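Annotated features, as they stand in TrEMBL:
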TRANSMEM  26-43  transmembrane segment
TRANSMEM  63-84  transmembrane segment
TRANSMEM  91-109  transmembrane segment
TRANSMEM  115-136  transmembrane segment
TRANSMEM  157-179  transmembrane segment
TRANSMEM  238-257  transmembrane segment
TRANSMEM  293-311  transmembrane segment
TRANSMEM  323-344  transmembrane segment
TRANSMEM  356-375  transmembrane segment
TRANSMEM  445-462  transmembrane segment
């Protein structure tokens, strides 16, 4: 019996219990859970996008983000089974939400002593959080199927439920940055936009910003770059709003989401579950597959490019050229473009095919990076939004295509495949955040470009080997055009 799936007798009992109105209660649970995640990650994304710019002294912000993703690696491997077994899915989500709150509260008194431990807490809470969310949605999809007397297939419902949840989640990036921009730009006079530009900048933008931005460890020998830090009152007001968002999200789940016990869905005994150590063994053993090895560079690239846009673009392009208060404004475009790409990618893939779409995305992303290397930054804020929107489009395609590829390449071994995806994506993020202080933006852009090229070559090698395999076995199919993204 698959974990979370009832036996025939339990299913019959559930059918008697769940009447027609129960379907709307299940929809209510999905809506409340999705809105709670949206509110919660509105605060997290809005705060994280500011870290490398606000806490630039000693690269505290970048190191904090590295700690988050470093602890997330360990959390994904060891904590989900233990925590969910003790608390259940609903209360695991609530407790994990609470684990994020010290990170937000630490923004009132930012230092290594407050941000590093709170960043570790976020990572350790993240593993159980995402696993509990996936489990909850899968099980209530089964309950909904029972409530409809199996008129709707469970696997179809799971895709739809995850798709609905993903819409809520993507809106968090937009809302978080909108709140950030609104609060931090309120009352600005010296740097107010005039005819599409920001005036009275104290920074020689063309010489010091963008790809020319020097590594923080080398900036002590030159004139300090003014990132136009907002007033402490504005930052505290923003932190208070984000902290209230997280509290509201936790209360929403605690009071508005039903426990899975309501649906008589009983999990297997703990000795039948995959333990954290077994997950680690399965993940590492899967590296013996040549396809998995070839996927490592492109998977790590996703973590690297996301870390670059969060930590380096926000600091060396937006904060340097426009000021910290405009980070939210620019990143709104990233969230919107990412959501559009995620929604449109499956349909585009059906017409272009996966191979051509990945090739076009690689060329598009490479051209964007070359443009950023050569571009002379200006004080026209809309140009930054266009750049980050283009990056968001590419990121959305990469995320869905490589996620679905991990699933379709290894049928029956999805757990190991997705565990490797989370592992190497997080490793890429940690590498980029950790290196943020030591290299200039020009070199980091070249690094992103190089890893993308290597990763695409690795993907091409897989396609070539699959093409040869299909010549031997014409019945073999290797296409994934309608997979939903897997949260990491």
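Glycine is treated like the rest: Cβ placed from N, Cα and C.
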Contact count check, CB pairs under 8 angstroms to the transmembrane segment (238-257), set 91-109, 293-311, 323-344, 445-462; argmax is 91-109
Within this structure, do the transmembrane segment (293-311) and the transmembrane segment (445-462) have 3 or more Cβ pairs under 8 angstroms, counting pairs 6 or more apart in sequence?
yes
Stretch-level contact, the transmembrane segment (115-136) and the transmembrane segment (91-109), CB cutoff 8 A, at least 3 pairs:
yes
Given the cut-off of 8 Å on Cβ pairs that are 6 or more apart in sequence, determine whether the transmembrane segment (26-43) and the transmembrane segment (293-311) share at least 3 such pairs.
no
